[in-house]
Amino acid sequence: MEFSVKSGSPEKQRSACIVVGVFEPRRLSPIAEQLDKISDGYISALLRRGELEGKVGQSLLLHHVPNILSERILLIGCGKERELDERQYKQVIQKTINALNETGSMEAVCFLTELHVKGRNTYWKVRQAVETAKETLYTFDQLKSNKVELRRPLRKMVFNVPTRRELTSGERAIQHGLAIAAGIKAAKDLGNMPPNICNAAYLASQARQLADTYSQNTITRVIGEEQMKELGMNAYLAVGQGSQNESLMSVIEYKGDPNPENRPIVLVGKGLTFDSGGISIKPADSMDEMKYDMCGAATVYGVMRMAAELALPLNIIGVLAGCENMVDGRAYRPGDVLTTMSGQTVEVLNTDAEGRLVLCDTLTYVERYEPDVVIDVATLTGACVIALGHHITGLMANHNPLAHELLSASEQSGDRAWRLPLTDEFQEQLESNFADMANIGGRPGGAITAGCFLSRFTRKYSWAHLDIAGTAWRSGKAKGATGRPVALLSQFLLNRAGQNDVE
């Protein structure tokens, strides 16, 4: 879909459809009031007859309104005016896109970006409208033989901004929104791909394609099992040794900083393309969803795509830690003791706590880049789902300023995170009689002890950990990858690049 911004009066629009808001109870927004005045009270008369209350989710399509040049006016319920927050705003945009597609309108001028949203400026409203529109229109039908296509899909959306001074900000919002939405789509496509197709080799092929697309400043290197053995990445290798698919670590290097020697931001993504649990096998119920255990790697891939598309003036390294945890005669066992790349030893008490074993060696590997910061993203623990549910990502960090940056980016983007503690009391739960540490610390504080485990491999740099086990995908009828936290990390990078236009 094509997006653009303009600043104009509603009565002068000749678009196929004009979109304006209505508040509860039956109150016209300022733009709707202008159209009502021109139409000699036609719209307000409809509201008085009870055609539309103005609740969020309601809509009413009007045809050939008197004295209006546009063929149609779409009235969208926005709820109570004083309660219009960012969550309701996104719901309103989502309803708008669905309603426009149902009407068969191929283009529309949307005045909803002029609504007052608490604490949000025009840039935010336009960018979120773009991201939400793309999210609403997303489908994953690559593997279906019969694809459902709309008769006349919406092709062009124009967002109106209050003044001409805001056109530049609106244009930048569209540019950023499209890049972030493309990153989210890329992450969702990877996450939704079945594990018989999307294995570590597939992740590597996608990483190589990304480098080919943005070859001016992006390269990809793929590290296989032989090189991992030479590096001493025994924990990473142990997880994958029960699989017939080779473990591959894909390293995407993007150099956009005018000074290529500036220390990079490193993003590490857990890429378990399928997690059976290994010898500590998972229950059969919903095991199919363990294809989503690579959503951390998918997130990193999507964020790297966004950064390259916007040519951000940063040096960024994205690592996709691809692997598969399967049951086999060669699989690693509970009771095994592994020597990690760092030299620390780990007693395996549960083979289903495998993500941290892949990550610990990857986090040691990235020391060679002398990073400014390292952020890992992983569907790491069911305990984080219990703690924070499916709406908020868990955040842990060994560096307060980095944690605050990420929390700020989460608020700005609406891709929420919440910080959990990393304290010595939790470290004690990882003690082992036979190795430097165990790979699990018991049920209490399971998300935190997983973070504590990783923290033992990140002492040489500033580090943060995002546990996305609850936010990376949805179950049930709407099953599918969410693309989170691409938006959060994209905002973090935009802030780092000095391109923070969000209030």
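Every residue number used here counts from 1 along the chain in the order it is shown.
Backbone N, Cα and C atoms are what each Cβ position is placed from, and that goes for glycine too.
Database features (Swiss-Prot):
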ACT_SITE  K282  active site
ACT_SITE  R356  active site
BINDING   K270, D275, D293, E354  Mn(2+) 2 binding site
BINDING   D275, D352, E354  Mn(2+) 1 binding site
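Annotated features, which come from Swiss-Prot, shown on the structure.
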residue: K270; record: Mn(2+) 2 binding site; contacts (Cβ under 8 Å, 6+ apart): D293, M294, G296, A297, A321, G355, V358, L359, D376, V377, A378, T379, L380
residue: D275; record: Mn(2+) 2 binding site; contacts (Cβ under 8 Å, 6+ apart): K282, M290, D293, E324, N325, D352, E354, G355
residue: R356; record: active site; contacts (Cβ under 8 Å, 6+ apart): L380, N439, A450, F453, L454
Starting from the Cβ of E354 (Mn(2+) 2 binding site), draw a 10 Å sphere and report how many other Cβ atoms land inside it. 28
Specify the count of other C-beta atoms within 10 Å of the C-beta of D293 (Mn(2+) 2 binding site). 28
Can you tell me whether DSSP puts K282 (active site) in helix, strand or coil? coil
Hey, does DSSP put D275 (Mn(2+) 2 binding site) in a helix, a strand, or just coil? strand
Name the secondary structure element type, per DSSP in three states, that contains D293 (Mn(2+) 2 binding site). helix
List, in sequence order, the residues of the same chain other than K270, D275, D293, E354 whose Cβ lies within 8 Å of the centroid of the Cβ atoms of the recorded Mn(2+) 2 site. V239, L272, M290, M294, C323, N325, G355, V358, A378, T379
